[in-house]
Amino acid sequence: MNEELSTFFYVPVGTMMLAIAFPAILLPTPNRLITNRWITIQQWLIQLIMKQLLSIHNTKGLSWSLMLITLTLFIGLTNLLGLLPYSFAPTTQLTVNLSMAIPLWTGTVVPGFRYKTKISLAHLLPQGTPMFLIPMIIIIETISLLIRPVTLAVRLTANITAGHSLIHLTGTATLTLSSIHSMTITVTFVTVILLTILELAVALIQAYVFALLISLYLHENA
């Protein structure tokens, strides 16, 4: 039982350090007037992320651009590294995702309540709410606001864990059925390949969704 608990709270620091170091290795900064294809792809990717995440923000919100781009690259690379054989995805640990979600959510909400108190409080009561529903709506909206970091972390954890578990179960079935019939192993092997491709897409999409929701929370309170 103690080993199970320690495994649940175990944080694979090595994978996270690789995810932090990979952008510096794979995405070099341009130091010459004529750039190569790799640097062009790098610049296009960063511009695409900035366009998707920051198009709704004002000048104050744009100060978060470096944070949001770094967050997207970090989560995306961490998810991709977790798909390597004999590796482990830190984003399958709820504690890791909560350690990212709670500070980022706090950083978007606290400035809103500090500098735009009336506007932030107005979000707790939608316009046109009937009088008899006001107390209930305020409670519901407050709970909805407070559980946002939890839903952020749980969404990322659930999606990454589900994908890895599905690949593991299908791979185990492939090995088990390999001695039965050649056609069966072919079908299951193709299924594993397709699931792996799907999980590669999910790894990048979940990184984008996590950063996008933080961006929307920031826009709501900026």
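Keep in mind that glycine also has a Cβ here, set from the backbone N, Cα and C atoms.
Quick look at what Swiss-Prot lists:
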TRANSMEM  8-28  transmembrane segment
TRANSMEM  64-84  transmembrane segment
TRANSMEM  93-113  transmembrane segment
TRANSMEM  127-147  transmembrane segment
TRANSMEM  160-180  transmembrane segment
TRANSMEM  197-219  transmembrane segment
*In the same chain, who gets a Cβ under 8 Å from the transmembrane segment (64-84) while lying at least 6 residues past its ends?*
15-16, 18-20, 22-23, 46, 49-50, 53-54, 57, 90-92, 100, 104, 156, 160, 164, 196, 199-200, 202-204, 206-208, 210-211, 214-215, 218
_Contact between the transmembrane segment (93-113) and the transmembrane segment (197-219) (3 or more Cβ pairs under 8 Å, separation 6+)_ = yes
*In the same chain, who gets a Cβ under 8 Å from the transmembrane segment (160-180) while lying at least 6 residues past its ends?*
79, 82-83, 89, 91-92, 188-189, 191-192, 195-196, 198-199, 202-203, 206
